[in-house]
Every structure is written in structure tokens, then in C-alpha cells.
Amino acid sequence: MYAPTTDVVDRLPSVDRVTNWDIAGFIISIISHLLDVLFDCNIAYRYYDHQQFAYFFTTLAFILIPAFINTVFSIRMYMLDSDKDNADRSATLTDKFTKRRLCCFAVLIFQLAPVLRYFDALQYALKSKRAEKNKDPENQRKYYELMVKEDSDVALLRVLECFLEAAPQQILQLAIIFSTNSNDKNSLNQSDTFTLFHQLLSIGSSFVSMAWSMASYQRLLRVSLKNKNNISWPGTLVQFMWHFLVTVSRILCISVIASKHLVPTILVILLHWFVMTLWLSCTNQKNNFCKHNKVYDMFFYSIFGTVYIFTPVTLVEGPTFLKYLFFYVVLFVENTIANVVWYCSADPTLQEQIYYKPIVYLNIIPFFAGLIFMLLYYKVFHPSTGYHRTQAVLPS
């Protein structure tokens, strides 16, 4: 016999406290998102100023199309939330913007959908904090729950923004860097070192942002589900390394092959997107976004099929081992083929570049390192296995 240990479950705790770190996190997230938008617009302007119109329009498309998709998702989430008996949502900033067409246009152009959600979560956090000071536990808990719900919604929007906007932008900028540095003429970056520096800074920050968005999404998803166990902060950091390293490998592979073989790369990516969209529609029959609407079904799975070009996202509860196995086998095959083709078809000018051989190692090593972190997470840090395995029997 043994005394069962007390397991911390991802239901809201008995004392629902909003910390100063929560409030600071929302403020930092708002500022960082606005800075991301500013940096993207700055890159687009520099291409326009240098009369690189193909790069300009491609960059602009990668800004506006994901912004439109994020806005649609945010409005759809708001509509689903409004169907519930929750009068408190009527006073949110998202509600005020959604009801005005001009404001919706501003949200689309300036990519404000996640920002509105952050403001709503911040508003609930401050109300919960105020209720705590007034010794009103009922309102303190209510607004804490609303904050968690908004935070989980914005985490999904951040995942979409990262893999629909930031990832394609990184591929575009890296492909430009690789192609212009393998030629001696028509090089924008050689004549503007600040643009090159800004590209590298933006690429690096986007890598971190994408990995953190995935790790925080998984954590907040479990926080919002009352029957799920906690992901510890060490587990979150291991998840961060897992997604960061795999994403680095994937984006570098696509970038280098696209810099030399653009059309075949686009065709392979479209095929990958089609297979992933079909696979998602067959394996994820239940989700709260679609509500059995065929149009939303098609939109939902096609969008996440795009995200699955880079990384898998958990959409419904259930076993994930076979899904991850299938996805990473496909990823490994595609990355390997891209590496071999790029390495073998390199011309003498490219072979003289300093990054010619190191880029192959950077395409391979991070992928396997990321898988090692994934195995470490599931073996040691997953809430239901390894070190964090639940010993007490929880009620269903």
C-alpha cells in the first residue's frame, strides 16, 4: 500500500490568483506583436524602395493573407463564445471591433486580431486582480477563468500567425539571402548591409517566436481543460527546444532548395499541404471551430494543413504517437531529398560559399536533436508519464 500523492491538475486552482507576471506577460506580448508587424512592414518598404517589386509583393502577400485568416478565426471564435450565456464578453474590445466594419478593416490591415485578444485577457486579469483586492472570491475566480479562456484563444491565433506569416517570411528572406549571396550581381543585401542585418534579426526572433507559440499553446490548452494534468515549466522549456530545433531544420531545408529550384519546391509543398489537409479531415472529425459546418470544415483543415507544412498541432484530444510518427517520417524523407538535391546540384559558385557544407549539417542535426527533446518530453516531462506520472486515481 502507498499513500497517493496529490497531483496538480490543469483545472483552475481553488485560489485563482492573477500574478503580476501574468499582467506583464500580456503587455510584453502586445508590444512584441506590434513590433513584429512593424519589422515586416519595414522589410516590405525596403524592397519597394529598392524597386525589388517581386520581393515587395510577395512579402506584402505574406503579411496580408495571414492577417485576413487570423481575423476570420478570431471572429469565428468570438461568435462561438457569444453563443454561450456570458454577458461579460459583450464589453470586450474584440466585441466592439467586430461590430464595426471599419474597425474590422483596421484589424485586418494592421494584424490586430491577436492584440485584441491580449487586451481582452488583460482586461479580465485586471478585473480578477481588483476582485482579489476587494476580497470578492466569486468574481476573482470568474474573471480568472475568462482570462484563461482568452489566453488559450490567443495562443491558437499566435500559432496561426507564426506558421502562416512568420514561417513563409523566413523562407522568403532566407531564400533571398542564399540566392543573392550565390551570385555576384543584382544583390540587394550587398548594397544594403542594414537590410541583411534586419533580415537575420527578424529570422532569428521569428524562430524563437514560433517555438514558444507552440509550447505555450500546448500548455494553455491543458490549463483550459479541467481533466488534464499540468505541464511543468521544465516540460514547457523542453517542448520549446523540441519545436525550435525541428522548425529550424524544416525552414532551412525549404529555404535552400527554394533558392535554387523554386517551382519544384512549390509543387512539393502544395502536395504536402494537400496530403496533410486530407489527413487532418480524416483523423480530426470533432472540433469546436466547425460545428459540423462543411464550409468551416474545409476552411479549418486547409488552414491547418498549411501549418502542418512545418509542425503538427494537436486539434482534438486523443493519442498522438502514431500521428507524430507519420508526420516526422514524412518530414524526414522530404528534408533528406531536399538536402541531397541541393547539395548535388550546386554549381561551382555555390560550392565556394562558406555556408555550402555547414548548411547541410544545420538541416540534419537540429531535426534529430529536436526529436530527442520530443522523446525526453514524453518520457520524463509529460504530465501523464515518466517523472510526472499521476499515481492517484483521478475521477473521470
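The backbone N, Cα and C atoms fix where each Cβ goes, glycine too.
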From the ranges 156-175, 196-215, pick the one that TrEMBL records as transmembrane segment.
196-215
For the transmembrane segment (263-283), which partner among 54-79, 236-257, 358-378 gives the most CB pairs under 8 Å?
236-257
Where among 54-79, 236-257, 295-313, 325-346 do we find the most Cβ pairs under 8 Å to the transmembrane segment (21-48)?
54-79
Residue list, the transmembrane segment (196-215) vs rest of chain: Cβ under 8 Å, 6 or more residues beyond ends.
32, 36, 39-40, 42-43, 46, 155, 158-159, 161-163, 166-167, 169-170, 173-174, 176-177, 189, 236-237, 239-241, 243-244, 247-248, 251, 310-311, 313
Which sequence-distant residues neighbour the transmembrane segment (236-257)? Criterion: at least 6 residues beyond either end, Cβ under 8 Å.
167, 170-171, 174-175, 178, 207-208, 210-212, 214-216, 218-219, 264-265, 269, 309-311, 328, 331, 334-335, 338-339, 341-342, 359, 362-367, 369-371, 373-374, 376-377, 380-381
